[in-house]
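Enquirer: Got a structure for you, written out below as structure tokens; questions coming shortly.
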Amino acid sequence: MDVPTQSRTLDFGFLPQSKRVRYDPENPPVFGLGMQLTFSAATTLGNVFARGLLSLLVLNTCIVQLSKSFDTDYSNVALVPTMVSAGYGTGILLITPLGDLVRRRQLVLILTLVCTCCTIPLSITHNIAVFQAFHFLVGVSCVIPQILIPLAADLTTGAQQALTLTLLYAAISCGNLLGRVIAGIIAEFTHWRVVYYVAIGIQASIFLTLYFFVPEYPAKRHEKSLGYLQILWSIARFVVTEPVLVQCCLICFISSAASSNFILTLTFLLGDIFHWSTLAIGLFGLIGVISIMASPLVGKAMGKIVPWYATLLSTLGTAVFQAIQCGAGGLNIAPVVLTMIGVDFFRPILLVSLSSRIFKIDPAARSRLNALFILSLFCGSVAGSYGGTVTYVKHGWRVGAALSLAFAALQLCTLLLRGPECQPKTWIGWQGGAGAFLQKHDTENTTRDDSDSQQEGSVKRDGLAASEKCRSV
């Protein structure tokens with residue numbers, strides 16, 4: 001629940017708020033089309049920055065340029081993407097849980113400003129130690145999308161929540177896609193510092209978008225007074241007390257490892273087998289736009305399907321396309337394109353279905369629950385990248401593709417450990433059977449609520465009439 005509060009007119013005590021974003025207890029913010037576009041734009045741009053930065057830093061051509069610019073060996077330069085990843089993991093674990101403690105509008109504005117300020121030294125420094133340190137700080141602060149997603153979940157319910165989460169995860173995919181494409185173009189045609197000039201502009205545009213359009217929303221109210229240390233301790237408690245959370249995080253970890261392994265194997269495959277250039281490999285990612293365009297339809301369907309079954313469909317669909325890649329990926333480009341479209345299509349379905357289950361555990365702790373969920377996503381990505389690299393170097397592309405297929409099988413086994421009707425505190429079992437495939441329509445609940453309110457109103461009117469009679473007598 002949220003704390004009733006008076007409308008604020010200033011951010012941080014000095015920055016004026018426009019009337020459209022001020023909080024009104026009598027007229028709370030509604031998550032409409034404008035707010036959806038704002039959240040999606042900020043999420044997309046944020047991931048363009050993060051993904052483009054990481055993609056640029058791991059390209060071989062850029063590593064050579066960086067080592068020459070800083071007059072250092074490859075090992076020091078190769079440590080830079082590790083610093084970004086370490087910073088991002090730190091931000092997910094230590095920063096995003098603050099969404100359950102403080103006002104999220106001010107939190108995202110501060111993080112965007114810090115990220116922008118930390119990017120400026122990266123574009124001008126000639127010291128490798130400074131370069132590494134500020135990359136860590138950038139990683140810590142570029143977690144804005146992971147604060148906006150729980151906020152969007154708080155502002156929506158039911159089918160609208162499923163649609164909203166689908167569009168936001170599609171925005172993340174779009175940002176990742178554009179980031180890889182931009183990194184490929186920069187590596188091919190321009191100097192590596194250009195990416196930081198572009199990043200400064202992106203971060204500035206994100207700040208302006210958030211400042212003018214993200215609504216003020218009160219901090220969450222808890223039954224007990226929670227401080228920052230209590231918030232962090234509660235995260236550890238969730239890991240050992242919430243079976244649904246653990247299952248969803250394990251599935252997310254496995255899926256993320258499979259996705260990272262697929263992207264890595266695909267990059268090696270296009271370069272070594274099909275002999276594509278860095279630019280061509282980057283532009284190949286634009287195929288994912290086809291799946292992103294289908295996200296509104298997917299979001300509407302997600303609002304009707306029970307999340308457990310949506311996870312099952314996504315897992316089975318991904319396994320089918322990974323099998324195609326394993327069998328024919330290196331023989332022709334057509335199976336590669338088909339697999340790319342299929343994997344990108346089912347990926348948001350999986351993330352939304354898992355998020356929907358997690359957010360129902362405790363609405364007052366959605367930022368903390370989301371932090372664990374995204375942390376499992378991040379750890380899976382790191383594990384998949386490492387495992388994919390080792391597998392490809394030792395055994396080639398087909399075994400690498402088989403590894404992604406094995407991940408899909410493991411993901412299915414993890415899902416089947418708990419049925420769709422299993423009790424929330426039961427770790428393994430199928431109590432309640434298979435349950436229904438489709439969710440109950442919100443209109444039924446709305447009609448029921450309306451009839452209940454009408455009955456309550458008639459009872460109140462009858463009571464008032466009776467009291468009037470008593471008074472007259």
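Glycine is treated like the rest: Cβ placed from N, Cα and C.
Features from TrEMBL:
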- 40-423: domain 'Major facilitator superfamily (MFS) profile' (DOMAIN)
- 48-66: transmembrane segment (TRANSMEM)
- 78-95: transmembrane segment (TRANSMEM)
- 107-124: transmembrane segment (TRANSMEM)
- 130-153: transmembrane segment (TRANSMEM)
- 165-188: transmembrane segment (TRANSMEM)
- 194-214: transmembrane segment (TRANSMEM)
- 235-258: transmembrane segment (TRANSMEM)
- 273-294: transmembrane segment (TRANSMEM)
- 306-324: transmembrane segment (TRANSMEM)
- 330-350: transmembrane segment (TRANSMEM)
- 371-393: transmembrane segment (TRANSMEM)
- 399-417: transmembrane segment (TRANSMEM)
- 441-451: compositional bias 'Basic and acidic residues' (COMPBIAS)
- 441-473: region 'Disordered' (REGION)
- 458-473: compositional bias 'Basic and acidic residues' (COMPBIAS)
Enquirer: Would the transmembrane segment (371-393) and the transmembrane segment (78-95) count as touching if the test is at least 3 Cβ pairs under 8 Å, pairs 6 or more apart?
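Expert: With 3 or more qualifying Cβ pairs, these stretches touch.
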Enquirer: Near the transmembrane segment (330-350), which same-chain residues lie under 8 Å Cβ to Cβ, leaving out any that are not at least 6 residues past its ends?
Expert: 166, 169-170, 173, 251-252, 255, 259, 262, 266, 269-270, 273-274, 284, 287-288, 290-292, 294-295, 298, 302, 310-311, 313-315, 317-318, 320-322, 324, 397-398
Enquirer: Using Cβ atoms and a strict cutoff of less than 8 Å, what residues sit near the transmembrane segment (235-258) while being 6 or more residues removed from its termini?
Expert: 93, 97, 311, 315, 318, 322, 347, 350-351, 354, 357-358, 361, 365, 368-369, 371-373, 375-381, 383-384, 387, 403-404, 407-408, 410-411, 414-415, 417-418, 422, 424-427
Enquirer: So if I exclude everything within five residues of the ends of the transmembrane segment (107-124), which remaining residues of that chain have a CB under 8 angstroms from its CBs? That is, six or more out.
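Expert: Distant Cβ neighbours of the transmembrane segment (107-124) are 11, 42, 49, 95, 98-99, 130-131, 134-135, 137-138, 141-144, 147-148, 193, 196-197, 199-200, 203-204, 206-207, 210-211, 214.
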Enquirer: Check the domain 'Major facilitator superfamily (MFS) profile' (40-423) for me and report the mean pLDDT.
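Expert: Its mean pLDDT is 85.
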